Amino acid sequence: MGNSNGKPVSFSDEVNLNHFRLLRVVGKGAFGKVRIVERKDTQLTFALKYIRKDEVVRSESVRNILRERRMLEHLNYQFICNLRYSFQDIEYMYLVVDLMNGGDLRFHISRKTFTEEAVRFWIAELGCALRYIHKQGIIHRDVKPDNVLLDSEGHIHLADFNVASDFTPGRPLTSKSGTLAYLAPEVYKGHGYGPGADWWSLGVLFYECIYNKRPFEGSTQTTLATQITKASPSFPVTQPPVSMPCLHAISSALEEDPAKRMGAASFHSFTDNPFFRAIDFEALERKEVEPVFVPSSEKTNFDATYDLEELLLEEAPLEARARRQKPREPLKEDASEKEIREDDLYKMIETQFTPFDYTTAAYAGALDPNASNTGSPTDWTQPAPMTASQNQSDGSGARSIGRRSTSRKRKGSGQPPSLSGSPPMPSNHPPLPNGQGSNSQSGGYRQASSSHSAQAKAPLSPYQASYSRPQRPTGTRKESTSGGMQVTLDEMGSWSELAKQDATLPADAKLEVATKPSGGMLSFLGRKKGRGHSPKPQERGILGKEGARVVISSGE
């Protein structure tokens, strides 16, 4: 599969679709699809998210796409899906991000039941990602398993900033944007919300990874909203049981009051929670803590349905459309108000969805410190102001943060020692929700793996109240042994094999229900569900098949 039209390709030209070889489709969103592409000159693989202009104009979602494009340009972090290229043609807008072969969390938790140790690792890295974007003055607003992607080594990456918004401390957001089942109580109450809403969504995801179901469910939007605003989740009794520290952590994340919510109150309230206290978070950010679960390299971690849909159901796949595009017709003199509005949106795309190439512009400069946000947060299209004091680099030079291991063995002692340790475990724990006992048999509360023994040192500094954007650090790039691209940034990042973008639900989306196999012509591709439970772990980090943590009672 490819998009070669026989003409020579000039790679000195501005980046465009002809620079890439089109491979398989791995995802589907509201306005387009996601597919693996290969850069023809370097043979590096990426994920290409292509977005139909007519669809975003028709739904008046142009500002969301432009905001996502602008935010991604200014985000550089090892647990974020980072932008590599952006460009457009007559019919499409294109976002090219690093390819992540591990699939998304939804794919994995819908097929397997994972150990507490594996879930703890995911939540810890996601917590670091939330702290990072909040420091940049951004709220994600759609944290859910579909938007959390795994790379080939098992590290997580937060993706899909389609409904994300800038925010300013003291200026709460009010729009109900995101996926309803993951919205925080304060979002439903309508009195304004801040970064704490993302920590609530993380708590819902946390619960879902443990119990394979969401904590709040309802047959209607009204019922669901009522359940969430009550903020009283039930904790089922299971076999094997969920450990006391894990239950306490989930309960703390699903705290109704943002001022008391784990992670929202302060980042220290997250790292110092008994369930996460054993993790050395500084080593975690340097990727010196080995992932518990590593996605299979021998199996596909994507749904093959998307690729066949492109082949069988699309009247004109991307390759053919790229060769047959016609210029948009000029606006007629007697155009209707709707046509004038649509023409304005097309022009907005053409002027504001600017080309981006990380090899020449990604880390070269800083944002305009005089720029400021105006208007409603949902309409902002300019970056927030930045202060030089927030620069992540300390002047000590570039340092490789993302130490990757292609083996599933423990890392040796050849790595540099950790810069910090973890406080000792407390002798007693906070009380459990719903009166559950402490005689856990799950064995889920274990010391996180690391290359050296952690020593008790001071915890990380509390979550800062300043959310100014830092200047972009300089960086170096090199080809990784796995064939991907590795970028090393001063103090804040190294990435390879990132980012498959998945479906995004727009603001005020309809109630999301559990996905079921399609009943159409491609339904034969749906995976056959396993037995009710499988007590035999198949690999590290996996408790068994879906349902391996058997619910004995509802806990209500």
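Backbone N, Cα and C define each Cβ position, glycine as well.
As recorded in TrEMBL:
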type	residues	note
BINDING	K53	ATP binding site
DOMAIN	277-368	domain 'AGC-kinase C-terminal'
REGION	320-339	region 'Disordered'
REGION	369-486	region 'Disordered'
COMPBIAS	370-381	compositional bias 'Polar residues'
COMPBIAS	401-412	compositional bias 'Basic residues'
COMPBIAS	413-422	compositional bias 'Low complexity'
COMPBIAS	423-433	compositional bias 'Pro residues'
COMPBIAS	434-458	compositional bias 'Low complexity'
COMPBIAS	463-474	compositional bias 'Polar residues'
REGION	519-556	region 'Disordered'
COMPBIAS	536-548	compositional bias 'Basic and acidic residues'
- Task: May I ask which residues of the same chain, at least 6 positions away in sequence, place their Cβ under 8 angstroms from the Cβ of the residue listed as 'ATP binding site'?
- Result: Q88, I90, E91, Y92, M93, Y346, I349
- Do you know the mean pLDDT across the domain 'AGC-kinase C-terminal' (277-368)? 75
- Under DSSP, is K53 (ATP binding site) helix, strand or coil? helix
